[in-house]
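Down below is the structure, laid out as structure tokens.
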Amino acid sequence: MLKNSALLTAALAAFHTVNINGFYLPGVAPRSFHKEDVVELKVNKLTSIHDEYPIEYYRLPFCQPDKGVSMVNENLGEFLSGDRIENSPYKIKMQKDMYCEQVCISHLGRVEARGVSPSKMVRAIKRNYHDNWIIDNLPSASKLEDEHDSYVKYSHGFPIGFVANAEDAEEGSKKPEDLRAYINNHVNIELEYHEVDGAVPGTKEYRIVRFIVEPFSIKHDFVATFTDDDDDDGEENYYPDEGRKVAKISNPIVSCDPSAKEKMHWNYMATRASNAPGPQLASGNVLFTYDVIWTENREVAWTSRWDIYLSGEYDLPGQVHWFSISNSLIVTFFLTAMIATHLVRNLRRDYNRYYKLLTDKECNEDLVKFRWKLVHADVFRPPSNPMTLSVCCGSGMQLLCMSVVTLVFATMGFLSPSRRGSLINSLLNLYVLMGGVAGFVTSRMYKTFTGKSSQKSTIMTAFGFPGLAFGVFFIMNMLAIFLKRSSYGVPYSRILVLILMWLGISTPLVFLGAHFGFKQGAIEFPVTTNDTPRQIPDQPWFKGWVFTTAIGGVIPFSACFVELYFIMSSIWMNQYYYFFGFLFLTFVIFLLMCAEITILFTYYQINGEDHRWWWRSFTTGGASALYVFGYSCLYFTALESISVATYILYIGYMALISFGLFLVTGTVGLMSAL
């Protein structure tokens, strides 16, 4: 007993170790800089928890680079996740501090007023959109200081602005007409580095280990002269529309006086009672500035520079994972004991009595007592709609293989957050390559069911679930492009790549797998099926489809709902997920529970002389997906979104994910019962 406990503890510790140190094992090399080397700052999509559609950075009137905007080469996974990484006008050099550097002057749009439609910038601020900058593949973090608890928490990204009372409003007023949007037009960029020996002996190089941004709203006092790029008449041009302008500042900026450097941490309530510059409204001409502060940090290693993003992402402590897995293991052991009791003790006793030489009277009494023997010639009767069941099993096995292999790679550290888009790329590529598995399983099952339309079953496998997934994706993509103008809109060239992967790789592999599956013989069963099906007696309510589905889904769901919270936060709350070791262990427990509960209910069903177990076992195993979808609907209330397009996006993708999970767990349940 002690030995088994020690082995279990060692296994769990191994998973925990992978979670912490698995990010930088393979394929990620550190980048070193020399003093005053150019450090490029890149911008990514704008995200918000109040609107699930991200916005491209330069769709808002932010300052643009002098040489024009250029997109960084992105993989397919980054496009599908909405990432749009582009260059920026911010100029940074290694170990060179800067103070109040001017970026540009931009016209953000009309002033807020009653009855007037707000500008794009004001709408984005009120929806709490956040900037997501990148330096050396390290995302920006913002510090959240708690004055009462005296701690600093780091969050992903930083807000582009905030909403507060207007200067002429009553203090503490919450009326919508008294609220105004303010732009964070100044940022303190804090960069930390550590020193390493250079490639050339005697030289030093530097690696960036932390990237922190503190945004501020400062009403700079300046006079700007605007000129038109296309106009050489030298006259001043004041543009009424929002957008980037070319300007020349013709007076000293008081708010950028070096003596005011320590006063840059403006607070709106404090500025109302002082002579310091107040916050900047998100309208009119706005000057954007920034500071750069370099600090040496010898404590943070390059391999652990992501820790501030991962340790502060979730409100729940890490011990919750251990508590959840411990409870799941207890339930799993309990289910295993029940399976052992019924399928080892009872069946062994039944077999011993069955093979004994019994009189006719004893035999009849035995069959009445153990009624599952009465349906031995009907249990392997082909189900209704055998082609649909075969296709569901093939698609479920394809998704299962894709998920298992992806989790293995993620646990080993190949799919770290620093490699953007790698997780989606892995899922997509593995799904395409597992097409042969889908074709093979479908053909074997369909041939076992004595199906005659082999080509039709193969076509349904190749175009069934992939066609459904592509249809949902295409509809969401059209909404993102034409309705929301979001970065979720994938370019048509990338959509063509998806179609080529589907029709050019996955579909031929499905047909190849089906070819080998049909060449093999059907699954041989130990008994012969009667020509006439046996009449099924009336079943009690607790053996009905509704009850078994409800109970069969809730027990496996109880093993994964904690981990599901973190996954949902990663997908819909723009947070990082890194508990891949925990997820792999939870996934194994989850599938084991689905298999065991299906075996148990199938035994009870056959013992009740109901031989229609094929579809029942599939739905019992897949019932947990219904609870996942129900939980996702409950989780949606935490997103605080009122956009109809967001409803469609969320429900559409969660329904698709839940249906895919239904196929996976249903296949596991049916194969286990078989």
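Every residue, even glycine, has its Cβ placed from backbone N, Cα and C.
Just so you know, TrEMBL annotations never went through curation; they're auto-generated.
Annotation source TrEMBL lists transmembrane segment at 427-446 (among others).
Annotated transmembrane segment per TrEMBL: 458-483 (among others), in sequence order.
Annotation comment: TrEMBL describes 495-518 (among others) as transmembrane segment. For the transmembrane segment (495-518), the list of distant contacts is 76, 428, 431-444, 447, 454, 457-458, 461-463, 466, 470, 473-474, 477: same-chain residues at least six beyond its ends, Cβ to Cβ under 8 Å.
Listed as Cβ neighbours of the transmembrane segment (545-566) (distance under 8 Å, sequence separation of 6 or more from its ends, same chain) are residues 314, 316, 320-321, 324, 327-328, 331-332, 335, 577, 579, 582-583, 586-587, 589-590, 593-594, 597-598, 601, 605, 616, 619-628, 631, 635, 665, 669. TrEMBL lists 545-566 (among others) with the feature transmembrane segment.
Note on the transmembrane segment (578-601): residues 12, 14-19, 22-23, 310, 321, 324-325, 328-329, 331-332, 335-336, 338-339, 342-343, 403-404, 407-408, 410-411, 415-417, 548, 551-552, 555-556, 559-560, 563, 566-567, 616-617, 620-621, 624, 665, 668-670, 672-673 of its chain, located 6 or more positions outside it, place their CB under 8 angstroms from a CB of the stretch. Sequence annotations record features per position, and here TrEMBL assigns transmembrane segment to 578-601 (among others).
Taken from TrEMBL, the feature transmembrane segment covers 613-636 (among others).
Summarising the annotation, TrEMBL assigns transmembrane segment to 648-671 (among others).
Tertiary neighbourhood of the transmembrane segment (613-636): same-chain residues 379, 382-385, 389, 392-393, 545, 548-550, 552-554, 556-557, 560-561, 564-565, 568, 572, 590, 594-595, 597-598, 601-602, 605-606, 650-651, 654-655, 657-659, 661-670, 672-674, selected by CB-CB distance under 8 Å and a gap of 6+ residues from either end. Long-range contacts of the transmembrane segment (648-671) within the same chain, counting only residues at least 6 positions beyond its ends with a Cβ under 8 Å from a Cβ of the stretch, are 52-53, 389, 392-393, 395-397, 399-400, 403, 465, 468-469, 472, 475-476, 479-480, 488, 552, 556, 572, 590-591, 594-595, 597-598, 614, 617-626, 628-629, 632-633, 636, 639, 641.
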